[in-house]
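One structure below.
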Amino acid sequence: MLPESTTIYHEKQSKELCALHALNNLFQSKEAFKQMELDAICFSLSPNNYINPHRSILGIGNYDVNVLIAALQNKGYSAFWFDKRKDPKMLKLDKIFGFVMNIPSECRLGFLWLPLKRRHWISIKNINGIYYNLDSKLPNPSPIGNEEDLFNYFRNQLHINDNQLFVVVTGDNYNWIASEDTSVDQQQIQSLDNR
């Protein structure tokens with residue numbers, strides 16, 4: 001249940017445009033990205049291919065990670081793959097704009113499940129101190145909770161079904177993850193301070 005004072009933009013699934021929905025949900029605006037823009041990125045990535053490898057051959061979406069990364073870069077943001085072997089607690093949440101996950105998705109035709117394996121993009125964002133799953137296949141944004149809840153959510157999600165997490169930051173900010181060996185960091189800081 002959403003707090004009454006919180007208005008959250010939440011695009012719903014249409015065609016195979018989950019990457020577009022994930023980006024717009026992440027930026028909380030239907031104007032952030034358009035399908036034409038993502039299609040243009042596909043063609044710029046593979047201008048000489050009759051069948052573009054970065055989207056569905058039907059032209060109804062199903063964009064790959066290259067399109068997502070290029071779209072973010074066009075707006076001055078970067079996406080970094082998060083190594084699921086690391087503890088999500090290493091994430092410096094105050095340095096992160098949001099998250100995009102790529103998860104397996106079942107394919108069905110009406111009530112019939114098809115044996116096709118597809119991928120689906122979802123975004124996760126902090127809105128007024130609460131992290132939300134903004135999956136376009138959900139009827140409403142789903143509250144994850146506070147920072148500790150988010151870390152637990154990522155721990156669970158990254159150990160099932162080959163889910164992949166991308167961290168979205170402004171510019172080329174490489175300061176979004178803590179070092180694994182803080183003792184080395186402290187030694188380096190002390191040696192710099194002694195100069």
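Cβ atoms are placed via backbone N, Cα and C, with glycine included.
Sequence annotations record features per position, and here TrEMBL assigns domain 'Josephin' to 5-183.
The active site annotation in TrEMBL covers C18 (among others).
Look at TrEMBL and you will find H120 (among others) tagged as active site.
As annotated by TrEMBL, active site applies to D135 (among others). Long-range C-beta contacts of D135 (active site), restricted to its own chain and to partners at least six residues apart, with a cutoff below 8 Å, comprise H120, I122, S123, S142.
Confidence over the domain 'Josephin' (5-183), given as mean pLDDT on the 0 to 100 scale, stands at 83. Ranking the active-site residues C18, H120 by other CB atoms within 10 A of the CB puts H120 at the bottom.
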